[in-house]
């Protein structure tokens with residue numbers, strides 16, 4: 001099978017387009033926020049929308065609906081991808097997961113340490129989590145633009161790295177950017193999640209069931225004081241990945257295919273449709289359904305809502321510098337250092353056709369923080385000046401990381417032979 005038809009290559013192309021779409025919407029937002037019409041941008045951000053159901057009422061600004069509501073769907077997709085990769089994907093192999101985890105840990109700890117060193121004792125210290133994340137869509141978008149110059153094993157590694165990175169970001173948000181918990185709603189959220197876990201354990205295949213439980217979980221988490229997006233990750237880990245028993249499936253398929261009268265045939269056709277839908281696991285069906293929604297709506301709307309940074313409002317302070325150095329310097333140092341440690345200790349080896357020059361390039365691209373870094377910025381800062389500084393640092397670092405990473409990989413390390421073994425098995429063109 002050609003590489004263009006392999007599932008992973010299709011995934012990379014999808015993420016690549018998402019990255020290009022993010023660039024476009026972010027650029028529109030940035031220009032709009034610094035244009036003579038900038039007041040309309042910020043007025044739209046703070047326009048309130050309310051939903052009422054009986055006595056319950058939820059009144060949030062458009063910015064909060066995007067960051068707390070739509071982004072919960074993004075985190076649901078992230079959670080589904082993490083679960084899939086852990087159980088049957090690139091993170092299911094001990095050696096592969098060791099390389100991704102050590103590289104991701106280095107890529108989170110070193111940027112956070114650099115940022116902290118530059119902001120210790122100052123009002124911007126709470127932003128230490130901002131430079132810890134990698135935007136998988138942006139990073140893979142840059143790799144896709146480089147075409148065949150980049151070995152597929154590097155794309156697989158960067159994807160696994162970003163997924164572990166996302167998991168780390170979720171934990172950081174849950175543990176360090178949460179305050180003022182409401183125990184009543186926290187209990188209701190726990191009970192709802194327990195119901196979802198029980199449904200998954202019992203093998204419930206209805207996506208509508210998980211949808212209803214997900215909406216309730218999101219509302220309770222929002223009201224509990226935890227960030228609402230955590231609900232997306234919690235729900236993802238409840239959605240089952242196993243498929244129906246093949247023997248039962250084939251028996252039901254044979255029964256539904258038997259000839260009969262018109263009304264019987266109609267009923268059996270509906271049974272066949274249901275069986276075909278259930279042939280895939282709920283996790284795969286939900287992931288497949290959410291991907292275009294997140295790619296074409298959630299992330300572009302998030303970029304449009306959050307990338308409008310007025311340059312003159314906050315200036316370039318220690319927060320901006322900490323984010324910039326954390327992503328541009330801390331990320332490659334941490335990623336390459338973590339990967340080197342895993343290889344040195346015999347825990348892992350580099351993917352096929354990937355050398356240390358490639359790993360430096362991937363470390364530079366990991367400095368494209370964009371989506372997650374902007375998201376954490378909103379949680380870290382209440383002060384508008386510090387928030388503007390953080391966002392300015394994220395945008396500048398993401399652009400520079402993309403240019404430096406692409407430039408490094410284009411130049412190549414031609415004199416250095418690939419040192420990785422065939423750890424990544426993929427379909428290549430014949």
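Backbone N, Cα and C define each Cβ position, glycine as well.
Source: prediction; values computed, not measured.
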Transmembrane segment according to Swiss-Prot, located in which of 215-235, 236-256: 215-235
Segment assigned the feature transmembrane segment in Swiss-Prot (from 34-54, 97-117): 97-117
Among ranges 335-355, 356-376, whichever one Swiss-Prot labels transmembrane segment: 356-376
Leading contact stretch, 60-80, 127-147, 215-235, 356-376 vs the transmembrane segment (97-117) - CB distance under 8 Å: 127-147
Best-contacting stretch, by C-beta pairs under 8 Å, relative to the transmembrane segment (288-308) and drawn from 60-80, 127-147, 181-201, 215-235: 60-80
Positions whose Cβ lies under 8 angstroms from the transmembrane segment (356-376), at least six residues beyond its ends: 22, 26, 67, 71, 74, 107, 127, 129-135, 137-139, 142-143, 150-151, 154, 157-158, 161-162, 165-166, 169, 172-173, 177, 229, 299, 302-303, 306-307, 323, 327-328, 330-336, 339-340, 350, 391, 394-395, 397-398, 400-402, 404-406, 408-409, 412-413, 416, 419
Interface check, the transmembrane segment (60-80) with the transmembrane segment (309-329), three or more C-beta pairs under 8 A: no
Interface present between the transmembrane segment (181-201) and the transmembrane segment (215-235) (three or more C-beta pairs under 8 A): yes
